[in-house]
Amino acid sequence: MDMFPLTWVFLALYFSGHEVRSQQDPPCGGRLNSKDAGYITSPGYPQDYPSHQNCEWIVYAPEPNQKIVLNFNPHFEIEKHDCKYDFIEIRDGDSESADLLGKHCGNIAPPTIISSGSVLYIKFTSDYARQGAGFSLRYEIFKTGSEDCSKNFTSPNGTIESPGFPEKYPHNLDCTFTILAKPRMEIILQFLTFDLEHDPLQVGEGDCKYDWLDIWDGIPHVGPLIGKYCGTKTPSKLRSSTGILSLTFHTDMAVAKDGFSARYYLIHQEPPENFQCNVPLGMESGRIANEQISASSTFSDGRWTPQQSRLHGDDNGWTPNLDSNKEYLQVDLRFLTMLTAIATQGAISRETQKGYYVKSYKLEVSTNGEDWMVYRHGKNHKIFQANNDATEVVLNKLHMPLLTRFIRIRPQTWHLGIALRLELFGCRVTDAPCSNMLGMLSGLIADTQISASSTREYLWSPSAARLVSSRSGWFPRNPQAQPGEEWLQVDLGTPKTVKGVIIQGARGGDSITAVEARAFVRKFKVSYSLNGKDWEYIQDPRTQQTKLFEGNMHYDTPDIRRFDPVPAQYVRVYPERWSPAGIGMRLEVLGCDWTDSKPTVETLGPTVKSEETTTPYPMDEDATECGENCSFEDDKDLQLPSGFNCNFDFPEETCGWVYDHAKWLRSTWISSANPNDRTFPDDKNFLKLQSDGRREGQYGRLISPPVHLPRSPVCMEFQYQAMGGHGVALQVVREASQESKLLWVIREDQGSEWKHGRIILPSYDMEYQIVFEGVIGKGRSGEISIDDIRISTDVPLENCMEPISAFAGEDFKVDIPETHGGEGYEDEIDDEYEGDWSNSSSSTSGAGDPSSGKEKSWLYTLDPILITIIAMSSLGVLLGATCAGLLLYCTCSYSGLSSRSCTTLENYNFELYDGLKHKVKINHQKCCSEA
């Protein structure tokens, strides 16, 4: 049989069958324009889709800046089995190699899908086995509504509303509202109504899936996120001082509600002339809203919630579900805030009348709510001593202010059970004069204005070096570069008055090893320029050399470093030393407009009692002020306790110094008649210890806040007056937990004039206190006065020895009877020191002429042996001085050796405490002629 006709028959049957099948199964896939909305379905939908399908669609938008949105019909049925056989996948591009947005199967329809660009790739695949109804989706151009609802607000006040308010808002919105304020203006935002779609499965605050409102401290997605809000709970009042506050409003394609309405207004920030960083932050007043307070757990009866943890609250307090040192109370301050002190209080149960309180606790801080640092004292976690009963308030001061946003209190020990109420003290960074954040955090400084010497990878580029808002930070190419080789630079756009920087460590990503994941800079230098070419370094005013600033001790906790104002448009930071993980840095620049800078004294510390000391809670606002000179100017990297600098001007306050008000009298100046004395204004106060000689003696102590100077010594200045012959002694002692060390002493009448005292406070690994001890001997009439204690930033250390006679060597000591013990110095004074102490105000006839007729009598017993020792010591010093004078006279009388002898005397070194050596030079003219 001829095979040729048979072949033609088979071919005809094949093509005819193929044509019939093609007519029955319409082709799937294609290229679709989303200019007009349309639908894509699986073949045969809603009937079962056929087997062996491989359909591909490309959906594109007519404009390159447009996006595409896909919404699926809830009737969705594709074979399961982990999407191995039948599935639909969507990719963010025009091919199968684009990023996968989702791969779906089963009976649950996918959520709304939005492209990042103008093209989407869709693929549907089925195998030979089981089939289902398939899918149906609608594609269209994603309409954000930004043309209608995105606005900038610059007027002093205004209203922000969701689109269509008070009617229901539209679907698929992405709106941005930005409030812009001028420097020294605070933005206050108050919501009037709030109603967005609520997620019934919402777990916690900010867990919003459908419609929500984000509020940003700065430009959206650049500045830190303050909070995410949805449902019907109205956000509390917001106060921003960074100059930019933004809101982004997102809605999906489903349920729509009435939306929101809010009012904003701007108020001028005028810092006080004597800025004090000791303001209650709002736990007691309610300025900290309930939504900002949370806890690890709450007692099951619902009567001891975190929101009841406000100081002096009349309804119980916060109690966890279980009493454990793993529990914590947390406060979100919403913005970066200086924390300087914490006040705690227990609670009495309204149901059982039993008292519960926390006896000790730890402090944890964070800038983002995820990376936490336990507050340390030296190398160990600091354990704060808290309450001894359920009602008294205990104030604990931090020895250095902390810049943070989130605060956790972790109870360590307690009585009967954990119960806590508290208040936080501090201030905002921008409260200080000329301390505006110039735009790194808020995004006002663009990415193009941030540069660096080198960059490791894109994820750690200079644009990631924004304070707090970035989770990574800047990493240079070489993690272990030479000191000063790498730098990070900020272009401020226009010349500004720059007064400081805030420096923070950085976090690495997945491509950085675990050891390198957390890096920070320990020491750095700062340079500045007006043109980007001519650079100058910030100078240390004490040494007139390039200032080497202290950096961070933790990768998440920021530190402020201030310096004298300089004009600059460009600022560079040069890392000099860093953590083992290498160089990692985030940054903000502080300053103000070039014409706004004013020389103002400021401090960053509260005038509160020392930590671990039980004190009555200061109810009066004046009780936390300590005078116009109570603070040292622009802390300038001196990490000293708040309240150290003090002039004792306010009647009920001694800054951070502790003394017995019954012994140290507060006296008031009247303008001096002596032109050689320094001039004081009327009503200026000082402290005075006095005796009229009718009692056996007098002894008083004046104790500083805790000092921690592990890195470098500083110079302490004060004014003093000592009258009363050889029975008067004033000494300064460094007291630590294990030892006491004499630093300075005078033990004789100094006359009626006020004198300067200067002492070097040495570096010391442990925390210590400075103690002024005054002694007026038995049967002696005299007085000792002290005023204006402060840390000097303009006196070189080599000049910080005044008078020289007060530095008599290591072995010299004035014996003081052991009348004190323990660490709490209020107990020492109240319980163990004898004598009648009174707090009075008296006037003097002159700066150096007190009225002796009104002097108080004191009672103190000096041992006769002690008096003998003092007398013999005085005689020894007198004989030594006489011999030295004779030797000097003889030496200078011999002309051949006079020059060499004077030179030898000039080069004589006095060796002081802690290995510090200071040269005391004698004037050439006085060397021989006055002998």
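One-based numbering along the chain as shown.
The backbone N, Cα and C atoms fix where each Cβ goes, and this holds for glycine too.
With GLU197, ASP252 listed by Swiss-Prot as binding Ca(2+), the candidate from ASP211, ASP214, ASP217 annotated for that site turns out to be ASP211. Among CYS55, CYS83, the one Swiss-Prot lists as the disulfide partner of CYS28 is CYS55. Between the listed ranges 139-159, 223-243, 601-621, Swiss-Prot ties the annotation region 'Disordered' to 601-621.
Every protein chain shown contributes to the tally, and the Cβ of CYS105 (disulfide bond) ends up with 23 other Cβ atoms within 10 Å. Checked against CYS208 (disulfide bond), the recorded positions CYS55, CYS105, GLU197, ASP252, CYS277 differ in C-alpha distance, with GLU197 being the nearest. Those same-chain residues not listed among GLU197, ASP211, ASP252 yet with C-beta within 8 angstroms of the centroid of the Ca(2+) site C-beta atoms are LEU196, TYR210, TRP212, CYS230, HIS250, THR251, ALA254, VAL255, ALA256, LYS257. Set side by side, the disulfide-bonded residues CYS55, CYS175 differ in how many other CB atoms lie within 10 angstroms of their CB, and the most is found at CYS175. Reduced to three states, the DSSP call for CYS149 (disulfide bond) is helix. CYS592 (disulfide bond) sits 18 Å from CYS427 (disulfide bond), taking the Cα positions as reference. Applying DSSP to the region 'Disordered' (298-317) sorts its residues as follows: 3 helix, 1 strand, 16 coil. Cβ neighbour counts within 10 Å, taken over all protein chains shown, single out CYS434 as the most crowded of the disulfide-bonded residues CYS230, CYS434. Each residue contributes its Cα atom, and for CYS55 (disulfide bond) and ASP252 (Ca(2+) binding site) these two points are 28 Å apart.
Counted within 10 Å of its Cβ, the other Cβ atoms near ASP211 (Ca(2+) binding site) come to 25, all protein chains included.
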